[in-house]
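Lifted from TrEMBL, the feature list:
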ACT_SITE  165  active site, tele-UMP-histidine intermediate
BINDING   27-30, 60, 76-77, 152, 158-160, 167, 313-314, 318-319, 325  UDP-alpha-D-glucose binding site
DOMAIN    3-175  domain 'Galactose-1-phosphate uridyl transferase N-terminal'
DOMAIN    182-347  domain 'Galactose-1-phosphate uridyl transferase C-terminal'
């Protein structure tokens, strides 16, 4: 028997996270008796006086939002990190270690209207979002080691508010995911003299089987080692270490790339596609004066949907106790996304 990647189980290595994922394409042939119906989207008003993210509405803190017309960023009323939190004292026991955790948490609204999402926003509006991301990471990065921009979109991802927004958490410590990526990218750079993701993307641009969208300065791929069914990574073609290092042309092109990628996501099941996404770039703060050439800026999109707008991938059992596992191959997922129209289904009139 000859091995065929789209037919036979195998494991793939993720050099960014130093872990393996089990790919089981033969499982896509098994009968499915679960839910397959199309999800019904609830009509969303542009303004809701009870929504604490809308312009002019009073939040739980008692503060009233300004009548903002573009992006709006404010301190989270229920932060996970505090700027002046005292640090714990260590008793020296290596089995019971604690360390200081200082930081700040912010909420960033993308748009004043609750009934729009990034793929349906104008190019200039998305570019403004990108500029605010860059501004926030630059400001917070002067003080904090890590600035995490992330967006949870959709009820299924635990998003408690439908208004288009993201969160920005800045911490005095380097969290687990970027700590691992710093180690793996540094090791690759020391061995090869080139950034891991720069090499990886250059090879994907030749192979092309996992590319979903490509613009002048950006490329989105379903990574060779993807875990989630339609996971993608959005990477600049130029070597860039941090969000605020992007030039004006790259930011403008990123707006196009994001709108196109998210349109294809939405068109897949004709639904506002849920996901968690975030940006990873070189650490900041105390790392500002260190050589971070091993880093390459990238965004990660982690959507849970699998077979339909109502069927999601569950990370349970084997995934929680052993290692990640997927059925659909990354190549199949990329081809499916690539085939989706470039025009959003709500714009093309096929709702």
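Using the three backbone atoms N, Cα and C, a Cβ is placed for every residue, glycine included.
All annotation found in TrEMBL is predicted automatically rather than curated by experts.
Across the binding-site residues listed here (77, 319), the residue whose Cβ sits among the most other Cβ atoms within 10 Å is 319. Every protein chain shown contributes to the tally, and the Cβ of residue 27 (UDP-alpha-D-glucose binding site) ends up with 12 other Cβ atoms within 10 Å.
In the three-state DSSP assignment, the secondary structure recorded for the residue listed as 'active site, tele-UMP-histidine intermediate' is strand.
When the Cα atoms are compared, residue 319 (UDP-alpha-D-glucose binding site) and the residue listed as 'active site, tele-UMP-histidine intermediate' turn out to be 30 Å apart. In the three-state DSSP reading, residue 319 (UDP-alpha-D-glucose binding site) counts as helix. You'll find the Cα of residue 27 (UDP-alpha-D-glucose binding site) roughly 36 Å from the Cα of the residue listed as 'active site, tele-UMP-histidine intermediate'.
Residue pair residue 165 (active site, tele-UMP-histidine intermediate) / residue 159 (UDP-alpha-D-glucose binding site) shows a Cα separation of 10 Å.
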